[in-house]
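Some notes on the structure that comes next.
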Amino acid sequence: MGKKSRVKTQKSGTGATAAVSPKELLNLTSELLQKCSSPTPGPGKEWEEYIQIRSLVEKIRKKQKGLSVVFDGKRDDYFPELIKWATENGASTEGFEIANFEEEGFGLKATREIKAEELFLWVPRKLLMTVESAKNSVLGSLYSQDRILQAMGNITLAFHLLCERANPNSFWLPYIQTLPSEYDTPLYFEEDEVQYLRSTQAIHDVFSQYKNTARQYAYFYKVIQTHPNASKLPLKDSFTYDDYRWAVSSVMTRQNQIPTEDGSRVTLALIPLWDMCNHTNGLITTGYNLEDDRCECVALQDFKAGEQIYIFYGTRSNAEFVIHSGFFFDNNSHDRVKIKLGVSKSDRLYAMKAEVLARAGIPTSSVFALHSIEPPISAQLLAFLRVFCMNEEELKEHLIGEHAIDKIFTLGNSEFPISWDNEVKLWTFLEARASLLLKTYKTTVEDDKSFLETHDLTSHATMAIKLRLGEKEILEKAVKSAAASREYYTKQMADGAPLPKYEESNIALLENTVADSRLPIVLRNLDDVEEQGDLKIDEAMDAEVTENGFVNGENSLFNGTKSESENLIKEESNRETEDAKESSSESTDEVKE
């Protein structure tokens, strides 16, 4: 999926022997766990923390060199066995073959004409690696006792993958042998390659991903060495950081949600063969047939014999593609950047604005998005900005006015402005805010384009620079679009143009008719971000912006990254760190050198 590099392939069996002390590794992983469990540093300190964590990880990797297990041969040597295994177990394998598409890596190539919407690929449940199959495997005993595994299906799948890879008789070995040995996610970037992402929005999630992965590895290293329920896992003698990085990357780039067998809920799964398909723009064409209990995929478009068969991964931004899938997608029609906005509690009209927003189903503080295509904002962001810029009289009209309900319904519709003055204010604000965000970058669009043309860069460095270039291009488009809208509504106000009238309430009017094909997008709910200082209009216009896009100091981070599952691993890690502090020597004594 996406461009995949491969230096060597992973194999079940024993790795090379290295003279490394288990006690020394436990001490290093305990130190890593403690470091990764510290609170998120303030603005400008994240890079320093990243370097410190990376230094510890590299120490561990150096000690573990030669311990990882490998398969013989190349990845594509195992493709015939994958097809044979899939065929024998009820998957469709006719009409396509696995082929190498150079920059995009391996993918599926049509061997006959395939019509749009034709069912061409299906994979039965028994071929899938799922959280349920993990619970029924050798991992089940530890799963039943570990809160992290129970709460985080992606980590469960990663360990399921590692355990099955270490079993030469695993049912899934024909699939596992064909997985890449390395990925192009930022977990595999060199330090100088990550440097290119500094000052971008994406860097915060890159730091978070690296820190979380290191914390999880350190936590589970101790669990595997000391927990009674982990004694039967085939990982005790060889569980390296590189192994864990490979497993979480395999899951991160491939996991999908499918329904459980009874259809009552969803679970995470790895889908062999289907996950060979690369991405293009389009619509989701994969579903799950509960009656036949299989994953099914219909063709996104007509494919001629010899053409690559693409699928659509979803409406992901390029930041999401780079961080979670390891590739940058040119001409991504769903690309976007985040913009954190909130109504300040010190605003004298806060209570009224909060009530209007609540009636519209919009939080008073959230992460919204600026899009790469016109219009740059969703209906939800338009509604928020209108309320954000309302005066007292306009707020009263939306709360107790004669047509209050109608006005709430049309908040997100571009055809029905609140007033010309309100429209001028909101576009002026958006123009200023996007301009502020542009100032946080150390290079310009022209600088990045020139750098890409004149330097011989690694694939990772190219990806990083394209990502920061893309962020700036979206912000520049937003500035131009907002300026054009501001000028238009200023003229409407100067000309005394009448406001458009509406007749009756219609919930459909909440959608922005200019972008009726796009649902409002909120990238993160209020509960998912830390408590933040919100902005008044005048504060946003005049605020200084720091390197990583902070406005008004450390309490105005617009790209907070914290999820419930991350909090859980951190909570568990803190507990383990305390254990490590209190009984480090006792714990290491349990592992004989």
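In case you wondered, yes, glycine gets a Cβ from its N, Cα and C as well.
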Which listed span Swiss-Prot calls region 'Disordered', if the choices are 1-21, 43-63, 85-105: 1-21
Per Swiss-Prot, Glu104, Gly105, Phe106, Arg254, Asp275, Met276, Cys277, Asn278, His279, Ser325, Gly326, Phe327 bind S-adenosyl-L-methionine; matching candidate in Arg75, Arg125, Arg294, Arg348: Arg75
Reported mean pLDDT - the domain 'SET' (94-314): 96
Cβ atoms near Met276 (S-adenosyl-L-methionine binding site) (within 10 Å, other residues, all chains): 24
Residues Arg75, Glu104, Gly105, Phe106, Arg254, Asp275, Met276, Cys277, Asn278, His279, Ser325, Gly326, Phe327 binding S-adenosyl-L-methionine per the record - widest CA separation, whole Å: 21
